[in-house]
Every structure is written in C-alpha cells, then in structure tokens.
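Visitor: Take this structure first; my questions come after.
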Amino acid sequence: MSKPMDVEQEPKIDDALYSRQLYALSHETMKKITSTSVLVVGLQGLGIEIVKDLSLAGVKSVTLYDKELVEIKDLSSQFYFSPEQVGKVGRADACFQKVVDLNNYVRIDVHNGELSDEFLKKFNVVVLANQPLALQLKVNEFCHANKIHFISVETRGVFGQLFNDFGEQFTITDTNGENPNAYMISSISQDKEGIVTVVEEQKLQLLDGDLVTFKEVNGMSALNDLPPQKIKTISPLTFSIGDTTNLPPYTSGGYVTEVKQPKVVDFKPLKNILESGENIFITDDFKFTQPTNLLAGFQAIHKFAEKNKHMPRPHNKEDANAVIEIAKGLLKKPDDELDEKMITQLSFGAQGDIVPMQAILGGITAQEVLKACSGKFTPIHQLAFFDSVECLPEDLETLPEEEFQPIGSRYDGQIITFGKTLQNKIENLNYFLVGAGAIGCEMLKNFAMMGLGAGPKGLVHVTDMDTIEKSNLNRQFLFRSSDIQQLKSQTAANAVRVMNPDLNVKAYSLRVGPDTESHYNEEFFNSLDGVCNALDNVEARLYMDSQCVYYGKPLLESGTLGTKGNTQVVVPHLTESYSSSRDPPEKGIPVCTLHNFPNAIEHTIQWARDTFEGLFKNNADNVNSYLTNPAYVQSLKTQNPFVRLETLASIKASLMDRPLDFNQCIAWARLKFEEYFNNNIEQLLYNFPKDMVTTTGTPFWSGPKRAPTPLKFDVENPLHLEFIVAAANLRAFNYGIKAETNIEVIQKQAANVIVPDFTPKKVKIQTSENEPAPSSNTQQAGGDAEDDQCDTILSQLPQPSEMAGYKINSIQFEKDDDTNHHIDFITATSNLRATNYAISPADKHKTKGIAGKIIPALVTTTAVVAGFVCIELIKVIQNKALEKYKSTFMNLGIPFFGFVEPIAAPKNKIREGWTWTLWDRFDVDGDITLKEFLDLFEKKHGLDISMLSCKVTLLYALFTDKKTKEERLKMKISQLYETLSKKPLPKDKKYLLLEICCNDTETGDDVDVPSVRYKYN
C-alpha cells in the first residue's frame, strides 16, 4: 500500500508551506531532508508521533511497518486509531490514510512483508519504536555494517530511552544552527599579536581556536583575501590573529565573521554501548543515578519479557522483584548500587502508555532523524534516558494492584501508569486552552488522548481568533489545505473530536483581554480547573497570567523558537506567576542609525519596512481620516509642529498629486528612487563630506558609520527595476488603478521619466542617539514657521465635502502572499539602500524573515514542549509539592535539557507571624459604607487605611477636606465608585478590586498589603 507521487531528482521546496521551518533549518538542509527515506517500525503512540513529525517536516518518504492488530490500549496515545479498528486491522494499515493526508509532498508506504536485509537497504534512516531488544540489536548490527542511520526509542510509562547509531565518521556540518557571529571592526594592531578590537556596542561570543574571516577592511586589506584565521580571545572586545607586522596599517572599516567548522563523530553499535556503558548522554544533571539504573532497568524488563513472553504486569510486585534481581546482575561496576524504588516504578509501568511521554520521545526522535539525514545540529551521543517519576502518585508502592489494572478502556495505558482514581479526575477537568496554533494543536491532541474533559463533568474550552494559513500546515497538524481561511479554534476542535468522540470541547474565536471580560467572566473562570496558554505574544500571556492570579487558577505556560523551547507551571499559593520574572525588552535600532548611518542589513530592512508602512498605509489612513473624521484636523494640533507639517504635506500630496493611470504610478516610483537612493544620500554627504574629521581629529566616517555612495538609476539594472515594479504596483493598488506586470512596458516608461537635478538644502541631521532629533528642536523652539506652513497647506486642501465617498486603499502588510508585491518592495528597497552603504544584500527569504518578524518554528520542538506541559499538568491535578514541579529549558539542536524547580511565590511581611504572597487578598463580602470599610480593617486587621483606590479612581484619602470626607464616609463603596469614576458598575460582575495604603496600628509603620476583593453585587 502506498501513496503515488511524482519523484523528481531534486525535489522543489514549497517555501509557502515550509516557511517557518526553513527559518530554523535553511534551504540547503531542507534539500537533504526531502531526499531522505525513513522506515518506522512500531506504530503505537510513540511511532505515530515520530511519523507525524517526519511527514510534516517533509522527508522524501516514510514507510510504516507494524503488522500487529490494533489493541484498545493503543488508543491511549495513538491518535490515528479508532475503536472500530480494534482487533480487526493491522496498526500500519489502520493509520495509513491519515498519515497520507498530513503532507502531499511525502510518499507514505506500508510494508507487510519481512524486515529482510534487502528491504532495509532501501532506507537512509531506520527507526524502531517500542520493539524487543533482540530486534533492536539485530537491525542495528545490519544498519551499522551497511551505513544506514539507526535509531531505537521506547517508552515504558513515565520512563523512556533513545539510542542513536549514525555510523563511523559521521559529519556534523553545523553543531548549533545559530547564525555565524559577525562583528564590526574598530581597530587592528600592526604587531606580533595582531590584536583585533570590535566596536563597543558588541560583545564577542568567540572561543579560543575558532576560525574567522575578514571583509571590507581598509588599509590592512590583505586580510580580506586570507583563508579562515584561528583566533585567541583576549577580552570581551578583543582577540589576536597573530603577526600583522608585514601588513599595511589598518585605517578603517571591516567586518570579522565566525567560520563554522564541521565536526566528525564516531558512533558505536547498540551491543557495544550496552556492554560498556559508554556514550551515555545526560538529560538531567540533577538525577545522578538515573543513567546507571535505567541502563540496567531497561535491559532487565526486556530480559523479563523474553523469558515470560510479556512485559512485567501492571503494579505487580512479584514481577517487579524479578526485574530487580535481573537488573542487579547487569550493573557495570562493583560499587554501583541499584535504586530498587526506581526499578520498581519502571516495572510497575512497563506496559504503561501515556501521550505526554510519547510526544516528548517522539518529537526528540524525529529531530534526531532530521539530524541524521542532514548533518544539521548535534545528535544525541548515543544513549539517553528520560523519566518523569515526579508525576507518579506519591503513594504508588502502597496502592493496591487492582487500582492499576486495565478495564478494556481507551485509557488503559494511562490507568496502568497512574491508576483509575487519577484517570477519573483527568476526565472531569474543565480547562481553558488559549490559542489553537502549533502548541494549541499539540495540546488538544494530548488532551484528547488523556481523556481530559471527556468525562460527564469535563470540558475543554479553546479560543483563537485567527484563521488558517498555508504556512500553518507545516506544524499545526490538525489542519489540512482544505481548511485554509477557516477558524483555527473550530477546525481544531472538530479534528480532536474525531480522535476521541467522548471529548467535550467548546470553540470560541474571541481574543482574551479586558474587552472580552463580559464573555470570559467571573462565572467562566470560576468553572475552570486551570488554564493552558498556547500564545505567541507577551501581552496576551501577561493578561492571562493576571486573570489566573486573580481567580486563583493554575497556569501552564510554554513557548518555542526553532529548536529551543521552554515550559513554566504557575501554581496558586505555591509558585511565582509568569509576570513575576520577565526577559528584558529587545534592544531596538537607534533612529539615527536607521535613518542615516546603517551598517547592517537588518538596519536597511527595517528602514524599508518603515518606508512601506509610511507610503502605502499611513498616508492612506491619514487621507481617509481627513476625509471622514471632522475632528481629525483639530486632533493634529496636539502633535509637535514638525510631525503635523509632515502629515499634512503627505495628505496634500496624496490628494492633489493622485495618479490617474499606471504610467503616473511608474513616474512616482521613479522619483521615489531618486529621492531615496540618490538625493537623500547626496544631502547626507553635503552635510558630512567623506573626508570630514571630528573635533578630536578622527574621521567622521569611521567605526559604525559607513560613508554612502549615491546610486545612478539604471533601467537595465534588475534591482533598480524591481523597485519600480513593486512601488508602482503598490501605488496603483492605493488608488484603485489596474496593475501592470509587463516588465518591458514598465522599463520603457521609467526610462522616459524626467527627473529634476538635486539641489542641497540647509538641514540639520541627527548624528547620534544622544543628540536630539531635528523635530524635537523644532518643538522646543515653538514651531511658528511650521504652524504657518500647516495653515497654508490646510487652505490648499480640498474640503472633505468636495470629495464625499472618496477613499484611498490602505495596504496592510502581509508577508505570506508572494503575489502582492509587499516583500518585493521591501527587498528591493532594502538592497538598494544596502548598495548605498556597501552592505551585503539579503535575498527575499531572509528579508521576509526580518521584516515580518517571523519566528522560526519546528513541529518537533512543539511536540516535545506540549509533552512536558502535560507532565506538569498531571502534577497539578495531584497537588504536588513545589519540589516536584519542573520548569523546562531545552534546545533540541545542541542538544540540551534543563529542568529546574519553579521559584516559590515571594513572601511579603506585614508584621511578625503575618506574611502574604501575590496569591493572597482580603475578601470583603457585601456592599458596605466607606466608614464601615475603614472600621473593618482597623478592628479586624489592625490596619489604619490612609488611601483607597480602584483602578485610576481615588475613593478615599486622609488629606481630603473634612466636609467631603464626612459625605463620603456615609456612602457605600459601590455608590462612591460610580460617583467618582462617573461609570456605572457592570451588572454582570460581582467584585471590585481595591488597592489600599495603610499603617500598622501597633507600630505606626507603613506596610504593604494585598489587594481587596470587594463583593458589591
């Protein structure tokens, strides 16, 4: 059985589909991936996770091999099986069609013959999932001898192991996937050391022995032609390249760029590793005995299974003791001690099958397959163990065996691992999933397999306001091409109902925020057991975090960036919240650098993006506001005069110089070329000539400042023409003029445009970030001249009534449509400006990534992160102690896994014996007068309130005059709020959140206290 497809010699990569993956991997890596054939043996939950991720990643072909009939227990984690297939259909055949539907570019086959040597030779990579050890050893021996990359992986309850054998002399072409470090040079000494100093804004991230190349160095220009040079680091800003005494002295400019070196690694067969205990990859630095014990433990359960024809029985102490005895004989060193508790846990759950572990091990394995076929990133070398014992029931050993026995349910794999009691709790949970994108799809799949919300009292709410785009299909696996433009939340909900028809799921398309609190109200939040964020923006994350703190709900938080991922669990009254610790804001590009002194392609791309926004969106929006909003002109008076003049001038130009046909759009584009890439550069050089020196005698054009060169328009230059084509077509769209894509027509018309000669102006140009911009000088001076010019323009503008119904089409930037000229314009504009400043240009792909702020994304990372989130969810359900929870920081590329205990909620002291955290508050139940409120806090809590507020409304203060104070003391808090805020209290809410400033009545000291939740309704 197979899916037919046309196989080309070099497969064409669908940039629109693989867009986010390409930013994590590169086109070169994708070419290798799309030429790779993979065999996956074992199609239960672990195997299907690997297959799903590889299919979405776009390998050439995946062959499925598993002739065993579907069992009911498989449905614990195999999301492409149905109850109707149990006992009737082979596993590979049962999931074939649904795997086919994942990606039209990937060939899917089912093999129902034998795993013969000739058959295995067809594949670049062979993966064995949850297979007997004897088969692992046999297939690995053949693969190693025949240079076929081999991976075996298995999960047993909360335990997992993964083994890689990529053969001898395996070449890693890129160990970490990061862009090579590049630095701007400040100076190079002419001596024996040859010390290179980079500009101060940067910090070296180079190590001794790294190789670097030079370019654009002036003076010591011979460095530009040298092969990669080995360096020795000296300080955070300097390194040595050796003797430069025979080279001319350095004068200016130049970049130094890290050269990535390939790394060659040898892999040994599985038999050797099991015998020697070598090449164990550590996954958790705090679990010192885990590798020793699980190396023996996994072999022991396989030996037990080989002898008894079944894995150890669930929670069976007799079987566990037998496994312990086998494991003792497998310890490598005389002083090794067996952790009998760990081996018992492994034996108890050896038949366990939980979707979080399948997601984690499956995602990691799929990433290892991609490493094997591409050489991109560092593989696990060679044997790795994983466990999540912290999520097992605390009293596991003392619970009765009956609690863990299968009941003929689709959740049997989970019951074997955690017991029936916990399974019942999971099914009756109410959870709110915020976001149905990549992580959201994985979470919904995990919820469906776990049965979360599938019980009579259970429910999953999911919201996402976005619709499905083609680029989503590569990693948001619940969507198909037929779903494009459909709502994500509803489509995802429909998809997981197919996976588990018992799942109770409600889909919404409302964003979360203050404006939707009438929907996501107190009743809604009070009905929840917890919230899971699957968001891609900090603002929404912070909002949901604040709501979870207010309502006292657990929050599961996560994020990904390429191969990197992180998770955080927020537990009421136990941990800090998401907003308690945040990353510093990203450093922006200084305005003067952007406008006048770019030195990197990122600067020119951002300038081009801003230019696009100004020309095709802001101008149109301003015109439309002028024509439709009577108060618009008045509102402009609040802006500084320089900005107001600029805005009015653009409105005048947009209305009075509006094009009537496409030829006029071409003429406008040609004049814009002259303005941006010739006149503005001529003006800059007029103000700051190339030979200019500063007051200290150093050249003005040095360090990060690169002297630009004006461009002379050449109608035969493809880049010049690309700008004209894109700019003219966007201008035409603004004005509703029919587009033109005939290059010859545009070329001919552009060549005939009459362009005025450049005349320099007397203007001040900002030269550093610390220097005030010209516009702020104007504002400080009063801006009288600008005011007069504004009045003149206003008198010349047509009245809105004269142009009733007229509108300019505003263009909203859309990065993922290759036909709309948006990225074409930004790429051409950026590269022309880069040419001005002798900066290496960027292709469309790189430009799109930077201009569109595209976050690199991989389905493998997403799957692993969602798995780790669900492990924490299982702990939350059991109310685990703080030390049992883990925040995860990982990078599948290096690879690295870090697990740390969440930070406890900080305690604030009011007085001896009385502390509070962000989770605490005062509760006042019932609407009372201000006097009663003040008395309550004085008598009950010993707090003398000096100030009371609600949001921005001050309700009470000690300094209020006596008469006003007496009037307010008699008023109820609700009445007081409505009177002072001039807003009615919402009828659908019950509470106000009040803030108080107060003193301790015993000591008179100011004290910090929690908020007050005041029930008025």
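Backbone N, Cα and C define each Cβ position, glycine as well.
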Visitor: If Swiss-Prot says ALA438, ASP464, ARG475, ASP536, ASN537 bind ATP, which of LYS445, LYS457, LYS488 does it name for the same site?
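Guide: That ATP site, as Swiss-Prot gives it, pairs ALA438, ASP464, ARG475, ASP536, ASN537 with LYS488.
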Visitor: Using all protein chains in view, find how many other C-beta atoms are within 10 Å of the C-beta of CYS592 (active site, glycyl thioester intermediate).
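Guide: Taking every protein chain into account, the count is 17.
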Visitor: Provide the three-state secondary structure of CYS592 (active site, glycyl thioester intermediate) computed with DSSP.
Guide: helix
Visitor: Return the average pLDDT for the repeat '1-1' (26-163) as a whole number.
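Guide: So the average pLDDT across the repeat '1-1' (26-163) works out to 98.
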